[in-house]
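Feature annotations, reproduced from TrEMBL:
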{"type": "DOMAIN", "residues": "B:16-210", "note": "domain 'ABC transmembrane type-1'"}
{"type": "TRANSMEM", "residues": "B:20-41", "note": "transmembrane segment"}
{"type": "TRANSMEM", "residues": "B:53-75", "note": "transmembrane segment"}
{"type": "TRANSMEM", "residues": "B:81-106", "note": "transmembrane segment"}
{"type": "TRANSMEM", "residues": "B:136-160", "note": "transmembrane segment"}
{"type": "TRANSMEM", "residues": "B:166-184", "note": "transmembrane segment"}
{"type": "TRANSMEM", "residues": "B:191-214", "note": "transmembrane segment"}
Amino acid sequence: MAPLISFQDVSKVFGSGDRAVRAVDGVTLDIEAGEIFGVIGYSGAGKSTLVRLVNALETVTSGRLRVDGRDVTALREAELRSVRAGIGMVFQQFNLLNSRTVAGNVAYPLKVAGWSRERRAARVAELLDYVGIADKAKAYPRQLSGGQKQRVGIARALATSPRILLADEATSALDPDTTQDVLALLRRVNRELGVTVVVITHEMDVIRSLAHRVAVMEAGKVIEHGPVYDVFAAPRERATRRFVATTLKDRPTPEAVERLRHRHPGRIITVGIREGAGGSVDVTAALRAHGVDGTIVFGGITEIDERPFGSLTLELTGPDAAIDALVADLRDRTDVDDLGIAGVPA
Amino acid sequence: MNRDWSELSPILWDSVRETLYIVGVTVGVGGVLGLALGVLLYATRRGNLLENVFVFTVLNVAVNVVRPIPFIIFITAVGPVTLAVVGTTIGNDAVIFAMSIMATFVTARIVEQNLVATDPGVIEAARAMGASRLRILVTVLVPEALAPLILGYTFLLIGIVDMSALAGYVGGGGLGNFAIVYGYQRFNWEVTLVTVLVIIGMVQLAQLLGNWLARKALHR
């Protein structure tokens with residue numbers, strides 16, 4: 001099946017001559033129907049521009065971009081409007097119409113699409129119920145909390161039953177609790193309604209808990225992309241490693257390693273915990289099998305894409321030969337970082 | 001109590017009615033035309049929905065040229081046009097014609113300046129929903145800026161009351177004429193004072209109404 005959104009060497013240049021800025025630089029990327037695709041990058045990396053090419057809020061400078069079977073690089077303004085109408089978008093600052101009620105906001109895209117008053121009213125009631133703010137239909141945006149506003153934003157974006165939902169830093173203006181609620185809602189939209197969701201964020205936590213696949217952007221380019229689990233487990237680029245480090249503080253920093261060595265005289269190793277082909281490593285079983293004692297001194301395990309991920313740092317005590325055999329055994333099954341012992345750092 | 005008041009009060013009330021008529025028609029005509037011109041001025045600016053350097057420059061220069069002309073000079077300067085359109089250069093209708101032109105340009109600037117403050121994100125959201133540019137101007141841009149626009153129009157209304165005082169100079173009526181003919185020219189300071197008080201009362205009422213409407217429009 002052809003991908004729902006397909007970038008082929010797409011670039012977007014703002015301005016011209018000396019002041020030209022390549023906001024998006026030669027991006028080739030496929031987004032499949034039904035997935036939640038994350039785009040992560042620092043501000044200025046070009047991710048907002050990338051997503052605005054999809055619904056033609058920005059025009060492609062060069063390359064080919066196909067969205068839902070249509071080549072948007074070849075369309076005229078009137079045709080682009082129909083592409084946009086078939087793609088929902090939610091924004092960091094919600095961008096609700098303050099002059100209209102909650103119901104009025106959700107009804108706006110339906111009015112644009114030419115729905116009759118009766119059909120609009122029924123659809124608005126259904127949507128507000130779906131996002132859980134049916135009681136706020138007559139309120140104005142300025143009377144709502146951030147989380148409520150984003151629910152309105154999502155209801156509005158879903159009004160015309162789009163196949164694609166673009167979320168531009170949709171949770172970045174929200175507190176942690178509200179962020180979780182909104183992420184859960186986006187997950188539900190993807191699962192229950194089959195909407196393909198493209199999330200842009202600078203927060204690795206959003207990617208971790210929401211996306212199936214991720215693209216990492218830097219200076220307009222996609223520097224790495226793939227299933228979220230794989231990118232997390234084996235980040236290739238420095239920027240990716242920095243993003244991973246912001247969400248998982250499971251590995252000790254060099255300063256922390258120094259402190260660990262002061263406190264623990266034995267050999268210290270960090271064992272990666274992840275779901276490989278043979279399932280996650282049972283560290284305790286390995287310790288027992290080799291007759292080595294292990295004390296957990298650092299680490300953390302979380303879930304990425306609903307699979308275990310993290311690492312444990314252990315102080316090992318026992319006969320040197322047994323420890324060497326244990327480390328070799330673990331190395332066969334997962335990544336092991338040997339931090340050595342206080343006198344002889346590895 | 002001045003013994004003339006029994007004779008003057010009916011004239012005063014006629015003058016109030018005339019001022020309301022002159023100001024009302026001017027605000028109606030100048031307000032609507034100025035709104036259209038102001039929206040166009042905003043929308044054709046670089047980076048906005050109808051970006052058009054030529055149209056923007058022409059409108060911008062026109063507004064900048066007309067606005068600073070003192071109104072009493074402007075009335076006589078547009079005399080030939082007034083004569084061609086209204087058929088005369090004296091009386092209330094001639095004054096209303098000149099005032100409407102001036103009000104249009106003043107309003108255009110007021111409208112433009114209030115629209116600049118509109119959140120571009122809201123306009124982007126409307127574009128993302130597939131709304132046409134014209135639809136966005138009418139159903140998003142203007143409603144979103146309604147509260148500051150109401151205050152801008154209140155400011156405009158008061159400026160127009162000020163302008164209307166000059167109607168007397170070209171044979172028009174209203175409170176300005178009343179104050180000049182029965183106050184200034186008869187050395188009757190009391191009449192001038194009463195006229196001033198009536199004008200202050202009208203302006204205060206307009207300001208209170210404007211503030212109240214603007215607050216309603218904010219939907220807090």
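For all residues, glycine too, the Cβ spot is worked out from N, Cα and C.
In TrEMBL, annotation is done automatically, which means it is predicted and not curated.
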Determine whether the transmembrane segment (B:191-214) and the transmembrane segment (B:136-160) share at least three Cβ pairs under 8 Å, counting only pairs 6 or more apart in sequence.
yes
To the transmembrane segment (B:136-160), which of B:20-41, B:81-106, B:166-184 is linked by the most Cβ pairs under 8 Å?
B:20-41
At a C-beta cut-off of under 8 Å, are there same-chain residues at least 6 beyond the transmembrane segment (B:53-75) that contact it? List them, or none.
37, 40-41, 44-46, 95, 98-99, 101-102, 105-106, 108-109, 163, 166, 169-170
